[in-house]
């Protein structure tokens, strides 16, 4: 993989990881359409992907550092009693929401792994992702009121959102999009749903990197050969992820009616075009 392709791949991953358009779907489809010289079976590819995850998780941690710092302070019992309880409650909700991804991820990783290499399957699921986003908006409109904040989530709500997030184990279904839709169905407004989804993403993305550490050590020699390129890509992915998060939080703050609509239309259009073009690019 050349440095240019590595940077382009990092930009693609860093942006689509947070936008509700499926990073996994894009990193399968786009290289196939553009004939990027990427060998996903290469021993050096896994370390490269792990570094991208590290960059993205770091960006999320930096953007939401105040929230994580407040939760840490609450866990340690520092602050006013009411604030301590609120922060401990938020941390517990995030733990509950993350558990389904951990448990289901281990169970489904091998059975569905063969789907990850198919651009056609990813494109079909990308169209399905657009449908999921539209369904989420319709369900949101049926709920009374304007939506509430994270502090009003119950543990059951958190578990449901975590289960929605697990849809993203299928390539083409967005992790952030599924989690946001889960939040909307439980009554959150768009900004609160996005904030909770992005807070959930930090341990999930970091965990995805940690899980691959044994394989990373196994291919340590190959990793050393492209460490500089992988480090550059991690920085690029982190910067793009940070900017994407800032944009999306501002977007959802200012749009609480059909905010997922443009992303749904994009997914349907790009998925359909990909299904048409991929056979000609093979």
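In case you wondered, yes, glycine gets a Cβ from its N, Cα and C as well.
Annotation comment: Swiss-Prot describes 7-29 (among others) as transmembrane segment. Long-range neighbours of the transmembrane segment (7-29) within the same chain, counting only residues 6 or more positions beyond its ends whose Cβ lies under 8 Å from a Cβ of the stretch, are 1, 36, 38, 52, 55-56, 59, 116-119, 122-123, 125-126, 129, 133, 168, 171-177, 180, 198, 201, 205, 232-234, 236-241, 244-245, 248, 260, 263, 266-267, 270-271, 274, 278.
Summarising the annotation, Swiss-Prot assigns transmembrane segment to 45-65 (among others).
Within the chain carrying the transmembrane segment (89-109), a Cβ under 8 angstroms from the stretch's Cβ atoms is held by residues 67, 71, 74-75, 150-151, 153, 155, 157-159, 161-163, 165-166, 169, 179, 196, 199-200, 203-204, 207, all 6 or more beyond its ends. Summarising the annotation, Swiss-Prot assigns transmembrane segment to 89-109 (among others) and lists sequence analysis as the type of evidence.
Annotation source Swiss-Prot lists transmembrane segment at 115-135 (among others), citing sequence analysis. Residues 20-22, 24-25, 28-29, 32-33, 40, 167, 170-174, 177-178, 181, 260-261, 263-268, 270-272, 274-275, 278 of the same chain sit 6 or more residues outside the transmembrane segment (115-135) yet have a Cβ under 8 Å from a Cβ within it.
Packing against the transmembrane segment (153-173) from elsewhere in the chain are residues 22, 24-25, 28, 92-94, 96-101, 104-105, 108-109, 112, 115-116, 118, 121-129, 132, 179, 181-183, 185-188, 196-197, 200, 204, 271: each is 6 or more residues past its ends and has a CB under 8 Å from a CB in it. Feature annotation from Swiss-Prot assigns transmembrane segment to 153-173 (among others).
As annotated by Swiss-Prot, transmembrane segment applies to 196-216 (among others).
The transmembrane segment annotation in Swiss-Prot covers 229-249 (among others).
The annotation transmembrane segment is assigned in Swiss-Prot to 258-278 (among others) on the grounds of sequence analysis.
Sequence-distant neighbours of the transmembrane segment (258-278) (same chain, 6+ residues past either end, Cβ-Cβ under 8 Å): 19-22, 25, 29, 32-33, 119-120, 122-127, 129-131, 133-134, 136-137, 172, 174, 177, 180-181, 190, 251-252. Only residues 6 or more beyond the boundaries of the transmembrane segment (229-249), in the same chain, are considered here, and those with a CB under 8 A from a CB of the stretch are 1, 3, 6-7, 9-11, 13-15, 17-19, 47-48, 51-52, 54-56, 58-60, 62-63, 191, 194-195, 198, 223.
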